[in-house]
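Okay, so here's the structure we're looking at.
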Amino acid sequence: MLKLLQKKFALSESGAKDLIKGSLYSALADLTMMLPVGLFIMLLDELLQPLLGTSASTPNLMKYVLLVFVVFIVLYCCQSLQYSSVFISTYTESATRRINLAEKLRQLPLSFFGKRDLSDLTNTIMGDCATLEHAFSHAVPQLFGAMLSTLVITIGLLYTDWRMGLAVLWVIPAAFLMIIGSKYLQNRAELKHYQAKRICADGIQECLETIQDIKACSMKERYIEGLDKKLDAAEQAHIHSELTLGAFVTSAQAVLRLGLASVILAGSEFLIAGKTDLLTYLIFLITASRLYDPLSGTLSNVAEIFMAEIPVTRMQEMKAQPVQHGEKNYRLNGYNIEFDHVAFSYNTAEPVLKDVSFVAKQGEVTALVGPSGDGKSTAAKLAARFWDADSGKITLGGQDITAIDPEALLKNYAIVFQDVTLFNDTVMENIRLGKREATDEEVREAARMAMCDEFVSRMPMGYDTVIGENGSVLSGGERQRISIARAILKNAPIILLDEATASLDVENETKIQTALTELIKNKTVLIIAHRMRTVANADKIVVLSDGYVSQQGKPDDLLKQDGLYRHMVKIQTQNMDWSLYK
Ligand SMILES: Nc1ncnc2c1ncn2[C@@H]1O[C@H](COP(=O)(O)OP(=O)(O)OP(=O)(O)O)[C@@H](O)[C@H]1O
């Protein structure tokens, strides 16, 4: 039962237990709602008896005042128990669900993020969790509770008078069958609504991210028009989904209302035929008037639960994604990185790396060069286990990196990528990311080595200046220098530099290269650069072309060969004479 609930509703074990508890309390709360009815029937019985001549005693009003007081206390206790049990457990589960999802995302390989777009992921974490939160606080326990309490009341009614019982109860399965029968249509409409909403969110996100280019290309009108269409489509899909839901729920609620009419008709018929007495008739009338109200609300709960299936499925998909495993404790024999017949493709059939073998030795600078798009960055990222190779093996210090926990592995790497990621925090804290426990002085020293001092001193609050979302107040070169400072601070045994100095002017590039020369001493350095002069002093050049290593060796040796490396050096030397105004 627990396992079934966990699977069906993407719950943790404690969440499933709380759901059962909440449902039982909801059932209890629903049943206690019938206590005033019971009390009223008792009073009615005592009032009717003298009129019908079965007893001469008059009702003891004091007893009823006391009973009303007791019923009020019982009602209050049950409702508060139900409220705290359902809501507290729902919000606790919701927090656990969000934390678990975020933790799962942290463990997932980057390949997963390539398959899913960011707004979809954000929607799953924020939107889907909110949808489930609402379903579990306002629909699921109430539905299960109503089912349990209705079952108890059904048994009581059928036991009292099965024919009158049937007159009250026939509408319940009829109304629920209507809702269950419409499940397919409702889910289809909701799925369309979700997809339209996602396309719309994607469009808005894209618009915000590319606002500069949109303005630069005078595409504003075209873009707004496109966004307008997406918003319209989302609105239409929403209306359609609400109408589908509304049509079925309202019809089912109308069917429920027929129950009262059927009790009146059948009851009058039985009363005239002498098949039932007045008190029983009144009992069924009062019960029917109380029974249908909570059930009417429950019909929309069923629809909400159907709709919750979409987020539950998406969450389960995410939970089922395979994560990268590995040992946290491992022994390395040095820090050589070796690619052994490595092949890799992203989500496309065409592999980026087909058969790549080379060694990047500790204490040496190994440069990956080659035509654009031929897999240099991919190879560098594979070396840090951002993805796992499809075939072949990558080892670090003789250990297969797939046997090492990705986070534990990354402790050995300092990485400077082309696309630097900065946080909306101070310069100091952005650099300190390289080494959390670093003192302010250590951070400043790393910043000085990475030539950050000069631009930080111009900032209003120096190292305490907040640099905006992803370093929006900084230039490309400044962002890159912060990233280099991080790497210097981390002082890891392996350094991956992917176009690390691409955004720098010649003066800063030369200065930073001097700092990098200090940084890379006795380390394993894998460097990617398009400018051949950046890698001319490397110990080894690996030329990647069309998924293969077409050449590898010392730069001077490769220059003597009639190959791609010499060709690239030649073209770049010729280009140095090129001018826009020629
Ligand atoms: N996350 C990704 N998902 C799918 N395809 C990708 C991804 N990253 C890169 N690619 C594709 O893989 C191929 C190799 O890309 P990669 O960035 O490794 O090349 P590169 O040699 O470093 O290019 P450049 O010199 O232009 O930086 C390209 O065709 C690129 O479009």
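Placement of Cβ uses the backbone N, Cα and C atoms for every residue, glycine included.
TrEMBL does not curate its annotations; it predicts them automatically.
Feature annotations, courtesy of TrEMBL:
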type	residues	note
DOMAIN	22-307	domain 'ABC transmembrane type-1'
DOMAIN	337-571	domain 'ABC transporter'
TRANSMEM	24-44	transmembrane segment
TRANSMEM	64-88	transmembrane segment
TRANSMEM	143-160	transmembrane segment
TRANSMEM	166-185	transmembrane segment
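Same-chain residues lying 6 or more positions outside the transmembrane segment (24-44) and placing a CB less than 8 Å from one of its CB atoms are 59, 64, 67-68, 71, 74-75, 78-79, 81-82, 85-86, 141-142, 144-150, 152-153, 279, 282-283, 286-287, 290, 294. Beyond the transmembrane segment (64-88), the same-chain residues lying 6 or more positions past its ends with a Cβ under 8 Å from any Cβ of the stretch are 18, 21-22, 25-26, 28-29, 32-33, 35-36, 39, 42-43, 136-137, 141-142, 145. For the domain 'ABC transporter' (337-571), the model's pLDDT averages out at 88.
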